[in-house]
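Student: Got a structure here, written out as structure tokens. Questions coming.
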Amino acid sequence: MDEQIVSASSNVKDGVEKQPVKDREDVDANVVPPHSTPSLPKISLISLFSIVMSLGAAAFLGALDATVVAVLTPTLAQEFHSVDAVAWYGAIYLLMSGTTQPLFGKLYNEFSPKWLFITCLIVLQLGSLVCALARNSPTFIVGRAVAGIGAGGILSGALNIVALIVPLHHRAAFTGMIGALECVALIIGPIIGGAIADNIGWRWCFWINLPIGAAVCAILLFFFHPPRSTYSASGVPRSYSEILGNLDYIGAGMIISSLVCLSLALQWGGTKYKWGDGRVVALLVVFGVLFLSASGHQYWKGEKALFPTRLLRQRGFLLSLFNGLCFGGVQYAALYYLPTWFQAIKGETRVGAGIQMLPIVGAIIGVNIVAGITISFTGRLAPFIVIATVLASVGSGLLYTFTPTKSQARIIGYQLIYGAGSGAGVQQAFIGAQAALDPADVTYASASVLLMNSMSGVITLCVCQNLFTNRINALTEVLPGVTKETLQSGFAFLRSTLTPAEFGVAIQTFNSAIQDAFLVAIVLSCASVLGWPFLSWASVKGQKKMNK
């Protein structure tokens, strides 16, 4: 491997990776084999930063849309008179963006990254337009699904484009900047959503995406001119039928369909239908069949699969997927239900609820900086995984103790602990997966952990909403004047219509319902301890793999 590294570095000069002459003979200078390393295009510094900043803006928009609805859920429940559908506003976006990422990983290897990225951005804008115009809950959910598909190709596309235009020795800084923008967007989404909704209306949370997306498209059209990729590894031109034939549509369809069935079953079971209802049972059965079929299909497809099953032989990679599954759900439980707690229990506005969550924002950003610097010197991941489990478990337990009379100091302190634990856990899942695999498989590492995070978020939100809905529906039995239709009108309506005594009962019930959501976070964070026996305490600094 050392010889390969030396050989590769000898072909790099002035930030441009040169191809051997034999690989460039009789080949159009603007067309490169997709699986070779193309020469980096010569672009000006202004063009480079314009492209990277536009990619960062697109990634920011995609991540922002993932959590911007968190603080809007009370308003949307009142607007659409549909409390039961609240979980789908966030879950369907995560479902579509997560399940399509492996497919987009293949697409970016086969088609022009410029036009595919712009297409994904247009799809995201189209979904935002549908949400902005929605007059009922089903239309809004469809818009979120469309936007999620577009978002699925934006982050992977941004990282792919950076690899095409940035020299290797500078690439980490640029990809880190895009990743940081995505992380910040995920956390401040509720704050921005609250500020926009309180001042100019919640629909502008989606209208505002359109001009930003148009500006990003214009910058890429003007500045970004990548080499075309229409040749096979042997240098023979490929037809579009051959390109399309290399894509695993069947696997993608089975994965998406299975997770949709699981999400519906978790959402409907115990609320809309009984768990023993034939529809719920059928959904669970179909999920099992599709999931097993998808697993077998991925094994059969080998290297052409969305996810090469050979990677599952890597212990460190499996552990990172498990951590991504646990900590992803832990983080989403708070991002979606803390704003609800602040608005329903504390009577905060949407902006106020977002501001109240700033301790979590600061904790996540702070722990990522500290952990990143420390790991760069020590190369040891295991201590931070242990710390993440401890802090996330303790923090989730402390959030579970939230009551209407909890002091502001404790609310802030508990969020700091929770944010540090969940933030460190998600970060270490990505770093661990990349450290566990060969450099050629790093794209699978990031995509796989992102998939686990998204799927964990989908399942967590569905389970939390199931528990939440069952708890608040009990108010119809305790308070004679409260019906399911009344509950669908939202928290503000309850504050204005119930007597002080009745409202006290309602507040306690809502507090218990949100505590149930935090209970899911406790279970997931504590479950991450099951991975401790498989941790590698060796330094990964300078190594290709974390596991032997």
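Just so it is clear, glycine is given a Cβ too, placed from its N, Cα and C backbone atoms.
Note that the structure is predicted; figures quoted are calculated from it, not measured.
When I checked Swiss-Prot for this same protein, it listed these features:
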type     : residues : note
COMPBIAS : 1-12     : compositional bias 'Polar residues'
REGION   : 1-33     : region 'Disordered'
COMPBIAS : 14-27    : compositional bias 'Basic and acidic residues'
TRANSMEM : 43-63    : transmembrane segment
TRANSMEM : 85-105   : transmembrane segment
TRANSMEM : 114-134  : transmembrane segment
TRANSMEM : 177-197  : transmembrane segment
TRANSMEM : 204-224  : transmembrane segment
TRANSMEM : 250-270  : transmembrane segment
TRANSMEM : 316-336  : transmembrane segment
TRANSMEM : 357-377  : transmembrane segment
TRANSMEM : 382-402  : transmembrane segment
TRANSMEM : 411-431  : transmembrane segment
TRANSMEM : 444-464  : transmembrane segment
TRANSMEM : 518-538  : transmembrane segment
Student: Under 8 Å between C-beta atoms and at least six residues away from its ends: which parts of the chain pack against the transmembrane segment (357-377)?
Tutor: 183-184, 187-188, 190-191, 334, 338-339, 342, 384, 412-413, 415-420, 422-424, 427-428, 431, 541
Student: Out of 114-134, 250-270, 411-431, what stretch is closest in contact terms to the transmembrane segment (316-336), meaning most Cβ pairs under 8 angstroms?
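Tutor: Counting Cβ pairs under 8 Å, the winner is 411-431.
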Student: Could you tell me whether the transmembrane segment (43-63) and the transmembrane segment (114-134) are in contact, taking contact to mean 3+ Cβ pairs under 8 Å with a sequence separation of 6 or more?
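Tutor: These two stretches do touch.
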Student: Decide whether the stretches the transmembrane segment (250-270) and the transmembrane segment (43-63) have at least 3 CB pairs under 8 angstroms, with pairs required to be 6 or more apart in sequence.
Tutor: no
Student: So, do the transmembrane segment (204-224) and the transmembrane segment (43-63) meet, by the test of 3 or more Cβ pairs under 8 Å (sequence gap 6 or more)?
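Tutor: Result for the transmembrane segment (204-224) with the transmembrane segment (43-63) is yes.
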Student: Restricting to the same chain and to residues at least six past its boundaries, which positions have a Cβ under 8 Å from a Cβ of the transmembrane segment (444-464)?
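Tutor: Here the qualifying positions are 87, 90-91, 94-95, 97-99, 101-102, 105, 155-156, 159, 259, 262-263, 266-267, 307-308, 311, 317, 320-321, 324-333, 336-337, 426, 429-430, 433-434, 436-437, 516-517, 520-521, 524.
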Student: Near the transmembrane segment (85-105), which residues from the same chain, at least 6 beyond its ends, have a CB less than 8 A from one of its CBs?
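Tutor: Contacts of the transmembrane segment (85-105) (Cβ under 8 Å, skipping residues fewer than 6 from its ends): 62, 65-67, 69-70, 72-73, 76-77, 116, 120, 137, 140-141, 144-149, 151-153, 155-157, 247-249, 252, 255-256, 259-260, 263, 267, 306-307, 332, 336, 443-444, 447-448, 450-451, 453-455, 457-458, 461-462, 464-466.
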